[in-house]
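As recorded in TrEMBL:
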- 1-23: signal peptide (SIGNAL)
- 22-62: region 'Disordered' (REGION)
- Ser99: active site, acyl-ester intermediate (ACT_SITE)
- Lys102: active site, proton acceptor (ACT_SITE)
- Ser159: active site (ACT_SITE)
- Lys260: substrate binding site (BINDING)
- 310-400: domain 'Peptidase S11 D-Ala-D-Ala carboxypeptidase A C-terminal' (DOMAIN)
Amino acid sequence: MNVQTRRFLLAGTASLAATGSLAAAAPRRHHPHGAAGAPSAAQSDDESGPDQATAPAGPPAASLIGPVDTLARWACIVDVTTGTVLLEKAADERMPPSSLTKMMTAYIVFGMLKSGRLKLDQALPVSEKAWRMQGSKMFVPLGESIPVQDLIQGMVIQSGNDACIVLAEGISGSEEQFVALMNETAGKIGLTNSHFMNATGWPADNHYMSARDVATVAVRLIRDFPEYYHFFSEKDFRFNKISQGNRNVLVDKGLADGLKTGHTDAGGFGLCASADRGGNRVVLALNGMPSSNARAHEGERLLEWAFANFENATLFRRGDVVEQAAVWLGTQPTVPLVATRDVVMTLPHGWRTRVHIGVDYQAPVAAPVAAGQVLGDLVLTNPGLPDIRMQLVAGQAVPRLGLLARASTVLGQKLGRH
């Protein structure tokens, strides 16, 4: 009879420190028993002014390593590789997203480009509605047709509301139809607390996003459209003899390589930024800041906090042998249980040795065993973090013993019990 078996592995501290990988360490098999410091109605994106507040707004943000003070009213920081939330503050509350909305508009545009339904050199006509748009603009001329690439740059770099309308009308025929596509797509990409009334972020009743959803859109832009992400990194753009710089100060300073800023009277100054340090990429979304200067300073501070306190640990790589499982009536006594993908966890610095590695499988495994056959699960647990579960497969085939050999094995086992 097969018996459910659960083995726990805990990597040795010394070997982990030396290798940086749990798979590389020689684990001990046994049943288990059993913080870094924190840093202290019109729409536009170009308003600036002195920092108007020095005290944190409301309660601190929550993080894996304890509370973190922040001036932001809403905030969320996510690791792009693993999706782990590093920090959150009122992250699921509805908030006025202002021009952060344009990331969702960009997501639709990039999807059209990737599918071939839109071309970068395709020219789209400028309607009177687009030409008359107020707020931040790229200054598209009425009656002319503008290449999609210029419109993307005008939308992302210059935060042009007029560019958004031209793109929306060019894709869907009207902004209203484009907004319906935005709301439909929002559900498909995992947004849970967002609703759009326009393509620009212009203040409107029932137009909202959450900080978590803003971060989610940014992560999806990075993962789904890496070939177009460079638009968010461009520092300036000249159109119609008017040159405008990227309003994301962190991009201009080289501290981030995207994505977007925003401002409304109701929502304050907002920012969604992403940066990569040593292969670790995070996304920061914050809103409700008192000024553009405060937005830039807080964005820089929280990004530095994230990189200073967290790392991505590769625990197993695809093909690593996690465990040797006993085989019943096979030509080999054991079969290797192999990882089917790379396993990465985002951890606070110093937490690698807290990871508990569990292997669930039926033991002994009955022969014959086919290479690639699913035999069990790897379960990674760490207090305060979501569990990670991954299927384990046979690393090689193990044929069944012949009839005489099987009979001899069974007889030997029975005699051994007496």
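Glycine is treated like the rest: Cβ placed from N, Cα and C.
TrEMBL: automatically predicted annotations, no manual curation.
Across the domain 'Peptidase S11 D-Ala-D-Ala carboxypeptidase A C-terminal' (310-400), DSSP helix (H, G, I), strand (E, B) and coil residues number 3 helix, 56 strand, 32 coil. Calculated from their C-alpha atoms, the gap between the residue listed as 'active site, proton acceptor' and Ser159 (active site) amounts to 8 Å. Its own atom aside, the Cβ of Ser159 (active site) has 30 Cβ atoms within 10 angstroms in the protein chains shown. Cβ packing within 10 Å was compared across the recorded positions Lys102, Lys260, and the lowest neighbour count falls to Lys102.
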